[in-house]
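Below: one structure, written as structure tokens.
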Amino acid sequence: MAKGDANKPKGRMTAYAYFVQTCREEHKKKHPDEAVVFADFSRKCSERWKVMTDKEKQRFQSLAEKDKKRFENEMKDYVPPKNSKKKKRSKDPNAPKRALSAFFWFCNDERPKVRGEQPDATVGEIAKELGKRWADCTPEQKKKYEALANKDKARYEKESENYRKKPKVTSTSKAKKEESEDDDEEEEEEDDE
């Protein structure tokens, strides 16, 4: 069953999943007292699956097709509960920016140089090149960036401490504030009478 919703239909199984399930049952029959080492077992199943012919795989593919139909039929009748989507934790725009590591300070300096040398490089290729250059740096060259990182870390810790001290205004506290203002107005009206 799914984690959040007990009524959600069980996901469909692939042909390979049925094959692995069958292998596991066979293994249990042959070696009932032996614990299964998952990594070895998975590797052996994968090797067996790769050498199987399409005809041998057909049995598992038909089981998977049958399960796919079951799943689709169950999903037709399934109504997800309201508000079932996970709510992404909103980031406070007033929160202090996290400290950069020495490597990121290095990247900020070197990225324009790499872009100049390799204008057609992708973001991934540039990142790889920056990683290589960082690895090739001497400890003496890295000191500059480590000092910047330490300074930035101190800044972040100071700002975080100040940020935590400030009272947070949440929607519930806003509602409470509005309620108390309404109560104050009612009291003033009663006093006027």
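Keep in mind that glycine also has a Cβ here, set from the backbone N, Cα and C atoms.
Sequence annotations record features per position, and here TrEMBL assigns DNA-binding region to 9-79, 96-164. Marked as compositional bias 'Basic and acidic residues' by TrEMBL: 59-79, 139-164. If you look up TrEMBL, you'll see 180-193 marked as compositional bias 'Acidic residues'. Positions annotated as domain 'HMG box' by TrEMBL: 9-79, 96-164. The region 'Disordered' annotation in TrEMBL covers 59-96, 139-193.
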Same chain only, please: residues at least 6 beyond the ends of the region 'Disordered' (59-96) with a C-beta under 8 Å from a C-beta of the stretch. Say none if there are none.
4-5, 7-19, 22, 156, 159-160, 163, 168
As a test of reading the model: what is the averaged pLDDT for the domain 'HMG box' (9-79)?
90
On the DSSP side of things, how many residues of the region 'Disordered' (59-96) fall into helix, strand and coil, could you say?
19 helix, 0 strand, 19 coil
